[in-house]
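Feature annotation from Swiss-Prot assigns FAD binding site to G14, A15, G16, H17, A18, G19, V126, S181, Q370; the stated evidence is sequence analysis. Marked as NAD(+) binding site by Swiss-Prot: 273-287.
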Amino acid sequence: MGYNAGSYDVIVIGAGHAGCEAGLAAARMGSKTLMLTINLDMVAFMPCNPSVGGPAKGIVVREIDALGGEMGRNIDKTHIQMRMLNTGKGPAVRALRAQADKFLYQHELKKTIEETPNLTLRQGMVERLIVEDGVCKGVITQSGAEYTAKTVVITTGTFLRGEIIMGDLKYSSGPNNQQPSITLSEHLEELGFELVRFKTGTPPRVNSNTIDYSKTEIQPGDDQPRAFSFETTKFILDQIPCWLTYTSEETHRLIDKNLHRSAMYSGMIKGTGPRYCPSIEDKVVRFNDKPRHQIFLEPEGRNTQEVYVQGLSTSLPEDVQREMLKTIPGLENVEMMRTGYAIEYDAIVPTQLWPTLETKKIKNLYTAGQINGTSGYEEAAGQGIMAGINAACRSLGKKEVILGRSDAYIGVLIDDLVTKGTNEPYRLLTSRAEYRLLLRHDNADLRLTEIGHEIGLIPEERYERYSQKKEQIEQEKARLEGIIIKPRPEVQELIRSVGGSELKDGIRASDLLRRPEMTYEHIRLLAPSELEINDEVAEQVEIQIKYEGYIEKSLQQVERMKKMESKKIPVDIDYDAISGIASEARQKLKEVRPLSVGQASRISGVNPADISILLVYIEQGKIARVSNQ
């Protein structure tokens, strides 16, 4: 028998990286929020690699922080190492990556959730949704508890009908041998959702005390203090290194010999795996010309001897995994503490979602994270904060928030999912963003803090600091535009020292900074400011002046795109009534139901001729409505 267990504005199912951001965002915006999770000990658990950030992903963490989310602050408090990647490349592809103390990461985030007003965290497995007349009204748990809500967010990760696979061993399980969620998956199918089967995997963990580090290469963190959050002022300087080793020809021979025992190659696994995180079996087969592959040894925390063997994700049986580890330099005598495994799980086809992450089929129901077909903690958290924001907005009667492709990587991620769908676990890459020069690591706050403040996630004190920073950047840029640096001996000497051409005449400080060999630090020496300019402001001034021409070109492209985005498509449009559209385009348009002509133009199978016909039809419809009035 069921019983009434309470009423909420927002209910979040799951407390992984998507669920944590969704629950915190909704509660901080003033919605009475309930987070339900199968196991309270697994809040913010990292079932795979103990790290946050990296190319594109690190920028997402900055964006979450700029909106008022928690991931950046939490990793800043709990990392064991931090590095800026791609420092030799342009600012568009630079990204921060941190190694996490995964246990401390969990502990700190759970503590934050427990201490957040308006937020209740409870253990319980949701088996069904309460749906009336196509509207989600709440959830029912395994124990019969019925919780009603104005909105519900599903963030179930890889738990939906999860199955762990190692060799010919296969059993029903969530990640790390947790209880899977089977009934909810079946219920979503009953409600008419189209589900797909995806697969991911994880490598073995080994005991640090049994590694011969003398045969590996040290990978230290950066000496310069770094942080993901724009709020962080205390930095962890006591860092722990990672270590680099490689597979050997013996490793590859062993894998080839046992390929028939890999679940990936025996036919045991039916789900599609992630393209950009292949198993070691895949790497050996697909890149058989490579004599070795990189293996990174990543400590899982400060108070554990467990080491994550990055690059060795596998579904080979346990006995082969043990042998395989011993063929790697430094791991000849290693003790395996946990086996690697593959996991298959259900995901929904994401074209069934609106750009707000609300499902098209059921009103007031949102989904975020791996259930939407993505891979990665950061992608999940980015969707989680947006689903939480929009679920809260709906519950509070406010306008929902949609980030565009020129606003954030989160916008690129969600637009790709809901417009194009995905036939494999989706990973965010810098190459997916056409405006990546605008979507940089360094300017996430300038892009998104105002949105976070407007919806109530950025407090006044933080917004005031942001406004001062923005003003300082503009003032310093204007100062450098107005200062003339003359060819004095000390100026010529500095320019010569960095390999530049000497000045013939006076030059504006901003123009001198545009030279590739010059930095803001050089300009500061030649034309010091009376005000103290901090590093964040200096970085912005340098990037905005140096890349001004390229940024201007990107902004012009954005303006053209926004014209297409501003041409809205009526939600109730009848695509069958539009003659001349190709049948594939008609089918895709009916499936995705784009909200704008811009979104329609990004659907695969919809070509420019179809867009032209659609534009004419919409314009004619507007004319007809006006003439009827």
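Here the Cβ of each residue, glycine as well, is placed from N, Cα and C on the backbone.
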Exercise for review: Around the Cβ of C277 (NAD(+) binding site), how many other Cβ atoms lie within 10 Å? Please give the count over every shown protein chain.
Suggested key: 19
Practice item. Please state how far apart, in Å and to a whole number, the two most distant Cα atoms are among G14, A15, G16, H17, A18, G19, V126, S181, Q370, the recorded FAD-binding residues. Key: 18
Point to revise | Alpha-carbon spacing, K283 (NAD(+) binding site) to V126 (FAD binding site), which is rounded to whole Å | key: 38
Check your understanding: Residues with Cβ closer than 8 Å to the Cβ of Q370 (FAD binding site), same chain and 6+ apart in sequence?
Key -> G16, A18, T156, G157, T158, F198, Y345, A347, A380, P425
Exercise for review: Report the member of A18, V126, V285 (the binding-site residues) whose C-beta atom has the most other C-beta atoms within 10 angstroms.
Suggested key: A18
Point to revise | Spatially closest candidate among R275, E281, F287, the listed binding-site residues, to G14 (FAD binding site) (Cα to Cα) | key: R275
Revision key, fill the gap. G16 (FAD binding site), Cβ-centred 10 Å count of other Cβ atoms over all protein chains shown, is 28
Check your understanding: For the binding-site residues listed here, G14, G273, which shows the highest count of neighbouring CB atoms within 10 A?
Key -> G14
Review point. Near R275 (NAD(+) binding site), which residues of its chain come within a Cβ-Cβ distance under 8 Å, counting only those 6 or more away in sequence?
Key: E424, P425, R427
Review point. For F287 (NAD(+) binding site), which residues in the same chain are close in space, meaning a Cβ under 8 Å from its Cβ, but six or more apart along the sequence?
Key: H293
Study note, to complete from the structure: For the binding-site residues S279, K283, the largest set of other C-beta atoms within 10 Å encircles the C-beta of S279
